[in-house]
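Visitor: Straight from TrEMBL, here's the annotation block:
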type	residues	note
TRANSMEM	36-58	transmembrane segment
TRANSMEM	70-90	transmembrane segment
TRANSMEM	102-123	transmembrane segment
TRANSMEM	171-190	transmembrane segment
TRANSMEM	197-217	transmembrane segment
TRANSMEM	272-294	transmembrane segment
TRANSMEM	314-338	transmembrane segment
TRANSMEM	366-385	transmembrane segment
TRANSMEM	391-412	transmembrane segment
REGION	420-442	region 'Disordered'
TRANSMEM	489-510	transmembrane segment
TRANSMEM	522-542	transmembrane segment
DOMAIN	552-602	domain 'Cationic amino acid transporter C-terminal'
TRANSMEM	554-573	transmembrane segment
REGION	629-653	region 'Disordered'
Amino acid sequence: MARWLPRSTALTRFCQKLNRVKTLEDDMMETSFNRCLSTIDLTLLGIGGMVGSGLYVLTGTVAKEIAGPAVIVSFIIAGFASLLAALCYAEFGARVPKTGSAYMFTYVSVGEIWAFLIGWNVLLEYMIGGAAVARAWSGYLDSIFDHKIKNFTETHVGAWQVPFLARYPDFLAAAILLVATIFISFGAKVSSWLNHVFSAISMGVILFILIMGFVLAQPKNWSTQEGGFAPYGLSGIMAGTATCFYAFVGFDVIAASSEEARNPQRAVPRAIAFSLGLATGAYILVSVVLTLMVPWHTLDPDSALADAFYRRGYAWAGFLVAAGSICAMNTVLLSNLFSLPRIVYAMAEDGLFFQVFSRVHPCTQVPVVGIVVFGLLMALLALIFDLEALVQFLSIGTLLAYTFVAASIIVLRFQQQKGDVPAPGPSGQPSTEPHEGPSGGELKEYESFSDKLHLVDTDKSKEQREPGQLKAAFEPYLEFLSDFYPGEVVTIAVVTLMVSAICLCSILVFGNTHLHLPTWSYSLLLVLFSLGFLLSLLLIWAHEQQHSTQTFQIPLVPLSPALSIILNIYLMLKLSYMTWLRFTIWLLLGLFVYFGYGIWHSKENLREPRAQRVSARYVVFPGGSLEERVQAVQPSSQPATRLPDTDSEDCKR
């Protein structure tokens, strides 16, 4: 059996490599970027990422085909659901003011491979999203000129009938992406100024729509003669909520820009709150005026707002709506092109992606290589590919990122802050330098054969409870949990909570349709997995968490992140199987990149030292009430600590 031990040790080390977390610098404000963005800049970036073509297209589509005038309620619920995820991003963006968004947040709390997969999926999400918006921008502009651009291209270039390729090459979409790439390359300040211009025009048009819409409103359009306020009932409202949820996915550009914010601790949470509030208000109010101007069942899903003004005798207003729509789509393009290279930069800076993308231009202070390369790739996607089949892919990447960020909040909140525990050495083990113990004296550390043996004072009532430790009120009932490291039980409970959420949502989504479960088993499984979810939540709550920090903290932890987790998983399972198939293929490609390059070039891998001849370590606090019962195995450079002979013989045995 001894021959299996090296393999077990190697497997353990391999798993530790996969789950190692990022070591943050002491001064997280130090950066090679230019910290020039204010709260207003970040807020307008967030609004630009959320209030895009969805305001002009999505509202009419959901109102006519899914929810009716109750689309208003759908946007309210979707806005609240997005708020749960946004608050998680706000806390992380304030505490870890580094670029990378969900990738960075997962890396500092969950582990390396999970962070890489999140970054890998977000990368594709931004590329497809930017290319899809560019094609929508091109199509909208083409429709204003009676499709002359499309007809000219098909006549002089030709049309294709190839699967996954567009019917004709969209040169206009590729051109707008290349122009946006050039502007983004000039630096964050230029990008922010350009976003200000387009956002101001877009918000001016929205204000015009609201004023004119309320003037032309007719309350009878909500009456029972027209089908009522909620013609599709509660199911239609919830189905509309699932669709409307994706209108708010642009706020993560704020977190991705936190390394360029002047005061990220304040600016990031405020910008996320302001932008999400304004975007939610815009969607709700536009839905109100749209369904009051004309009967909901007569809306044109492709151009609902412009068509509504045209039918009320204000054809000239359609041109203003078209201008606002184009400006709104420009802000979304800028948001995608602004965020994507910074996430790639964060991955490359950590060694998980190719180092060429970590280069920052000395003058513009932006990752210009990433901007140019991924701008060209985005333009190529928009030029030749049919993106309608891939648009649903955006949802799964976003929801997966939201899920891991919410889980990361719970893990991080119940971890000890830097300085609370002995600082880790290069190998991930606690440092051998003296530290201050809980009673204020010197904390001495010794080497022994077990790295998990901690001699603690018997008088636990006088100890100050630290994050991750069991609350004193629960200790008499859960005493067996006190032997774990602080935060260890919470991590296990978070994994259990996520597994329970996946099983619970799977039963809700597939129980009656695909699995055809009988009523008794359906109900039983719902009860069992709901209990698993709630018990995991209570177990997390029974531990101490970080309370006093100088940055924003999401309230009601772990309840708020847990609700976000279960909602995101539910929406992920509602996606089509083809989306999951494409997602799996992309994940496998990402794993190939990670194991072929990232795991070996990771900066955390370079920090790991060579193996030392130390069996283990344990900690002794000064105070005289502790008994040393383990023979210390000291390195040759340190004096050995003598223990009673009887215990020494036990150790030898």
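Just so you know, the numbers here start at 1 and follow the chain as drawn.
Cβ atoms here come from the backbone N, Cα and C positions, even for glycine.
Caution: TrEMBL annotation is automatic and unverified by curators.
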Visitor: Across the domain 'Cationic amino acid transporter C-terminal' (552-602), what is the average pLDDT of the model, as a whole number?
Guide: 91
Visitor: Given a Cβ distance threshold of under 8 angstroms, which distant residues of the chain, six or more beyond its ends, lie next to the transmembrane segment (70-90)?
Guide: 59, 62-63, 101-102, 105, 229-232, 236-238, 240-241, 243-245, 247-249, 251-252, 254-255, 268-269, 272-273, 276, 279-280, 283-284, 287-288, 291, 402, 405-406, 408-409, 552, 554-555, 560-561, 563-564, 567-568
Visitor: Using a Cβ distance cut-off of under 8 Å, indicate which of 102-123, 171-190, 197-217, 366-385, 522-542 has the most pairs with the transmembrane segment (36-58).
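Guide: When the Cβ pairs under 8 Å are tallied, 197-217 comes out ahead.
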Visitor: Cβ pairs under 8 Å with the transmembrane segment (489-510): which stretch of 171-190, 314-338, 391-412, 522-542 has the most?
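Guide: Answer is 522-542, with the largest number of Cβ pairs below 8 Å.
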Visitor: Under 8 angstroms, Cβ to Cβ: which one of 171-190, 314-338, 391-412 has the largest number of such pairs with the transmembrane segment (102-123)?
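Guide: Comparing 171-190, 314-338, 391-412: 391-412 has the most Cβ pairs near the transmembrane segment (102-123).
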Visitor: Please identify the stretch among 171-190, 197-217, 314-338, 391-412 with the greatest number of Cβ pairs below 8 Å relative to the transmembrane segment (366-385).
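Guide: Checked against 171-190, 197-217, 314-338, 391-412; highest Cβ contact count belongs to 171-190.
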Visitor: Under an 8 Å Cβ to Cβ limit, what residues of the same chain, 6 or more beyond the ends of the transmembrane segment (171-190), are close to it?
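Guide: Hits for the transmembrane segment (171-190): 33-34, 36-37, 130-131, 134-135, 137-138, 141-142, 149, 153, 257, 260, 330, 333-334, 337-338, 341, 361, 364-366, 368, 371-372, 375-376, 378-380, 382-383.
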Visitor: Would you mind listing the long-range same-chain contacts of the transmembrane segment (197-217), meaning Cβ under 8 Å and 6+ residues beyond its ends?
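Guide: Answer is 44, 47-48, 51, 55, 282, 285-286, 288-290, 292-293, 305, 309, 312, 314, 317, 320-321, 323-324, 327-328, 330-331, 334.
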Visitor: Per DSSP, how many helix, strand and coil residues does the domain 'Cationic amino acid transporter C-terminal' (552-602) have?
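Guide: Tallying H, G and I as helix, E and B as strand, the rest coil: 40 helix, 0 strand, 11 coil.
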